[in-house]
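Worksheet for the structure shown next.
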Amino acid sequence: MAPSGSRSFDCWRVLYWIPVLFISLIVAWSYYAYVVQLCIETIENMGEKTVYLLIYHLLFLMFVWSYWQTIYSKPMNPLKEFHLSHVDKELLEREDRRESQQEILRRIAKDLPIYTRTMSGAIRYCDRCLLLKPDRCHHCSACDMCILKMDHHCPWVNNCVGFANYKFFMLFLAYSLLYCLFVTATDMQYFIQFWTNGLPDTQAKFHIMFLFFAASTFSVSLAFLFAYHCWLVCKNRSTLEAFRAPAFQHGTDKNGFSLGAYKNFRQVFGDEKKYWLLPIFSSLGDGCSFPTCLVNPDPEQPSIPPGRNPSVKSAGESHPFPPKPLRESQSRLLNNGQTDGSEDRDKRGTSNPALTIEKET
């Protein structure tokens with residue numbers, strides 16, 4: 001027999017699919033209400049009916065496709081170079097002194113493109129996955145793994161939204177909003193006619209009226225959520241980074257990864273315009289290292305700690321992290337001049353001083 005702990009875990013995994021099932025049932029009912037009750041049973045004009053059905057099915061297809069991709073795209077995990085080797089794990093286990101353990105981790109980290117730190121200035125280490133976290137990577141407690149460029153864990157897709165599927169998530173929000181707006185707009189006149197008793201009471205009345213209320217309500221909530229994530233894309237921030245700015249060697253910098261709105265957009269949607277509206281992976285980079293452009297200190301951000309050289313904080317000439325050769329897709333983002341609005345900026349040094357390293361879950 002399976003252990004009781006395993007059965008309990010499996011039960012919880014099943015419960016995680018309830019929000020997805022709820023969304024699926026709502027969408028399935030909306031399809032029946034719109035196609036059958038509105039278009040087939042209520043609308044009499046053949047031209048109007050045909051146009052509505054064509055546009056509706058196009059939006060429905062793109063919505064389902066992007067939702068599927070968001071749910072079933074496996075989150076990307078850090079490359080093996082960031083994991084501790086078997087030998088390094090044994091060395092850490094044998095060492096009792098913290099300084100000795102830090103030396104081991106320091107040796108591993110010095111050749112990796114890791115430039116973000118914990119709030120205390122230590123290199124970010126996950127003691128559950130036994131790895132040094134790449135920039136923008138976080139450990140998801142729900143998935144129990146480290147996720148590259150983690151944005152958030154979304155219960156409505158039962159998946160982590162991160163580097164592997166953030167574009168799909170954005171398209172899911174966009175097509176969901178368009179779907180709801182289209183249903184609301186085309187259903188409105190028949191909703192009004194049923195409301196004012198302009199049409200006879202039939203089985204379609206309930207479906208058409210409730211469809212209008214549901215679609216309009218979802219439109220409002222989706223509009224706010226989509227607008228927020230559009231803002232995040234333009235700023236090149238994740239939801240986690242919006243709540244807590246990433247920390248670099250010089251301190252926290254909420255604009256540390258921003259390259260300008262257009263380049264930030266390309267990081268998520270890619271260089272190929274033909275793929276921008278399709279839920280096909282086209283994001284730039286590998287999810288482990290990101291180009292960055294440091295900007296002037298934000299007065300709302302904490303000041304540079306005493307004892308640190310203020311010149312380490314760049315006034316912002318475009319400079320990619322890491323100083324090692326970047327992937328071709330990352331290099332393209334940094335071509336053609338500086339980030340918008342950068343003037344008279346000092347160049348940041350490429351030194352990588354040893355820092356205190358601590359574990360971070």
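Yeah, the Cβs are placed from backbone N, Cα and C, and that goes for glycine too.
These figures come from a predicted structure and were not determined experimentally.
Residues or ranges marked as topological domain 'Cytoplasmic' by Swiss-Prot: 1-15, 72-167, 229-361. Feature annotation from Swiss-Prot assigns topological domain 'Lumenal' to 37-50, 189-207. Feature annotation from Swiss-Prot assigns domain 'DHHC' to 124-174; the stated evidence is sequence analysis. Sequence annotations record features per position, and here Swiss-Prot assigns active site, S-palmitoyl cysteine intermediate to Cys154. As annotated by Swiss-Prot, region 'Mediates localization to plasma membrane and recycling endosomes' applies to 296-361. What Swiss-Prot lists as compositional bias 'Pro residues' is 299-308. The compositional bias 'Polar residues' annotation in Swiss-Prot covers 331-340. Residues or ranges marked as motif 'NPxY-like endocytic signal' in Swiss-Prot (evidence: similarity to another entry): 352-355.
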**OP:** Please report the number of other Cβ atoms within 10 Å of the Cβ of Cys154 (active site, S-palmitoyl cysteine intermediate).
**Re:** 19
**OP:** Run through the topological domain 'Cytoplasmic' (72-167) and tell me, per DSSP, how many residues are helix, strand and coil.
**Re:** 27 helix, 20 strand, 49 coil
Subject >> DSSP residue counts for the topological domain 'Lumenal' (37-50), split into helix, strand and coil >> reply: 9 helix, 0 strand, 5 coil
Original post:
What is the number of residues in the topological domain 'Lumenal' (189-207) that are helix, strand and coil, as DSSP sees it?
Top reply: 12 helix, 0 strand, 7 coil
**OP:** Would you mind giving the whole-number mean pLDDT across the domain 'DHHC' (124-174)?
**Re:** 95
Original post:
Can you name the far-off residues of the same chain, 6+ from the ends of the topological domain 'Lumenal' (37-50), with a Cβ under 8 Å from a Cβ of it?
Top reply: 56, 186-187, 190, 199, 202-204, 207-208, 211
**OP:** Please give the sequence-distant neighbours of the topological domain 'Lumenal' (189-207): residues at least 6 beyond its ends with Cβ less than 8 Å from one of its Cβ atoms.
**Re:** 32-33, 37-38, 41-43
